[in-house]
Amino acid sequence: PDAEKTPGYWNKGARRRLELALALQPAARRAKNIILFMGDGMGLSTISAARIYKGQLAGGSGEESVLAMETFPHMALAKTYTIDRQVPDSAGTGTAYLCGVKSNAKTLGLSGAAVYGKCHTTFGNEVDSILHRARLESKSVGIVTTTRVQHASPGAAYAHSASRTWYADANMPREALRDGCKDIAYQLVHNTDINVILGGGRMYMTPKWTPDPEYPEDSAQNGTRKDGLDLIAKWLSGKQDARYVWDKKGLDAVDDSVSHLMGLFEPKDMKYELKRDTSTDPSIVEMTEKAIRILRRNPKGFFLFVEDEIDHGHHSGQAKQALTETVMLDRAVARAGELTSPSDTLTVVTADHSHVFTFGGNTLRGTSIFGLAPKKAKDKRAYTSILYGNGPGYSIRNGGRPAASLPAAEDKDYRQQAAVPLETETHSGEDVVVLAQGPMAHLFYGVQEQHYIAHAMAYAACIEPY
């Protein structure tokens, strides 16, 4: 726009931002409610690219767009390494930002004294999450995720497991079962009284051979439990006002006045937003809204954990899937802001880790975020702005790199090129951003260890140990 060519345009914008900064006052009061949004794999480059994508979806050039999460007044950076890894996984990081201690990779809700895969190291090394401690303070608590509810990130909110992959007893080694360890699905039902549980993961909750309600003809989607337990029935029993649903129609029909709601919408992980059947599966925005409407009825407040699995798109080297998930998480942040007030609700948005995802190539203003760099590479072939450091996008044909082209690169399943061949793209080790608004949001400042997030949230709400 011509206006951007004048210094006055930029000076006016900067002055407005200065005035906002000068008016900013710390909200030093207790938070009644806490909402933690966690973009799994949402590194800074992912946020930047999603911002552009959001603007382009709205018909603009994209670069000047603003995500809802970017309007939060306070921010910090979090160091994501685990005790044993420079580049972390989602279990070790989940234990950090939910339980307040750094731990070893692939372990859930355990201190660093626990050893991955060794059941006997579980006992005596358990650490409780802020979700669990909030429930002990009589707050309502909830989990919303687009992955399976037994996955690493939500699992850290309630489970103590020497392995993040012990989803059901069928996934556990005999030794672990013999030593007395329980699978993550079992712990979901028995460890903490969680008011709202929304996501995927049906197959881990029912006995082996139990047909899936959505895919009854597909035996691969059947229940997997060897112990014969029906954990859904167990969860419902003993609760006066509890509901279980498995599709969007059921979710929409649930009255907000129920005390407990479990919604499991897929046998394993929920589908990408770009592949979601909008008639059968709810979006992360719809799940977040339902959770808040139920949880906020508690006069003592609530704690809600919301995760979007941006991560799986990156692991597949499919940037459009990952960036669409990021935009959807941001829409959930915006909707939560409409349903709550920053006067009593601390809202935190962060990531567990980043990915080897980047965009560059001297692209011009307004270029599609999934488009091509304006000049060809040294091999005289076109390339996309978005590239991955490693992953399944590595390709050599006829002794060289295949040229990228449009409109193929805009397709939802397009796999961007990678420098190093791997079956799945990896996480990266750089810091992630923490954005916050509401009571005590100013506690998020500077560069922090990731486990500090759990402590700042607990302090804000006066939850143990504060």
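For all residues, glycine too, the Cβ spot is worked out from N, Cα and C.
TrEMBL annotations: computationally assigned, not manually curated.
Now, the feature entries from TrEMBL:
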type: ACT_SITE; residues: Ser90; note: active site, phosphoserine intermediate
type: BINDING; residues: Asp40, Asp311, His315, Asp352, His427; note: Zn(2+) 2 binding site
type: BINDING; residues: Asp40, His151, Ser153, Glu307; note: Mg(2+) binding site
type: BINDING; residues: His353; note: Zn(2+) 1 binding site
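Shown here: features listed in TrEMBL, placed on the structure.
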residue : record                                  : Cβ neighbours (10 Å)
Asp40   : Zn(2+) 2 binding site                   : 28
Ser90   : active site, phosphoserine intermediate : 27
His151  : Mg(2+) binding site                     : 28
Ser153  : Mg(2+) binding site                     : 26
Glu307  : Mg(2+) binding site                     : 28
Asp311  : Zn(2+) 2 binding site                   : 27
His315  : Zn(2+) 2 binding site                   : 22
Asp352  : Zn(2+) 2 binding site                   : 30
His353  : Zn(2+) 1 binding site                   : 27
His427  : Zn(2+) 2 binding site                   : 23
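Between the CA atoms of Asp311 (Zn(2+) 2 binding site) and His151 (Mg(2+) binding site) there is a gap of 12 Å.
Within 10 Å of His427 (Zn(2+) 2 binding site), counting C-alpha to C-alpha distances, fall the following of the binding-site residues His151, Ser153, Glu307, His353: His353. In this structure, the CA atom of Asp352 (Zn(2+) 2 binding site) is 13 Å away from the CA atom of His151 (Mg(2+) binding site).
Counting only the Cα atoms, the space from Glu307 (Mg(2+) binding site) to Asp40 (Zn(2+) 2 binding site) is about 7 angstrom. Listed in sequence order, the recorded positions from Ser90, His315, His353 having a Cα within 10 Å of the Cα of Ser153 (Mg(2+) binding site) are Ser90. Here the CA atom of His315 (Zn(2+) 2 binding site) lies 13 Å from the CA atom of the residue listed as 'Zn(2+) 1 binding site'. Within 10 Å of Ser90 (active site, phosphoserine intermediate), as judged by C-alpha distances, the binding-site residues found are Asp40, His151; the full candidate list was Asp40, His151, His315.
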